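Feature list (source: TrEMBL):
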type	residues	note
DOMAIN	13-65	domain 'NIPSNAP'
TRANSMEM	108-126	transmembrane segment
DOMAIN	121-220	domain 'NIPSNAP'
C-alpha cells in the first residue's frame, strides 16, 4: 500500500484545518468565496469544506503539490500580491481565523477521485499503531476495499501522514446525502466481508473519529 511506486511518486497533499470564531463563521465563508482565488492562483486546491457534524465552526481544505518544498515557496510568494488584495487577505486571516490547528502534509495512498456531483463528504481519521503502512497497510486497505465493494459510497482519497501526527490516516468518502450514507453504512455492517475485514484492521487501530462535510462555493470537489 505504501511501499510500492505510489510511495515514491513525489506528490504531496497538504491538509489544513481551521477553527473559526463562532461569531465570524458566516463572515469567514463570505471572505473565502470572495478572495480565495488569490491563494488558488499559486497552488492547486483539491477541496474546501465546512464541518456540519462531528465538530463546530471548523473548515478543512486540501492542497496538491508536486513536491514537498512547493508549499514553502507558495507561502513566501503570497505577499507579492497587489497591495489592496494583500491588505484584504491579511485582514481576512488576522480577524476571522482563530487557531490553525493542523498544518500537515500527507503522502498519497490511493488515487484521488474528483467528483463534480453535489453531495456530502465524510472525513474519517484513523490513528493507527506505530509501525506505519508496512505493518498495518494491507489490513487497512482491505477494510477500505470492503466498504467500496458494498457500493453505497464512493472513495475520494486516502492519505497517510508524512509530517505531523505519524501513523495517522485520513479517508474521504462521498455520499449523495446524510440519510443515504447512514442507510448504506448500516447495511454494510451486516456484510460478512466488511465485518471480517474491519475486524482484522482494528487490531492496529488506536482510535478513530469522523466529520460530515459540505463543500464551500470555491471547492473543486462538490
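Placement of Cβ uses the backbone N, Cα and C atoms for every residue, glycine included.
Confidence for the domain 'NIPSNAP' (13-65), expressed as mean pLDDT, is 87. As a summary of secondary structure, the domain 'NIPSNAP' (121-220) carries 42 helix, 35 strand, 23 coil according to DSSP.
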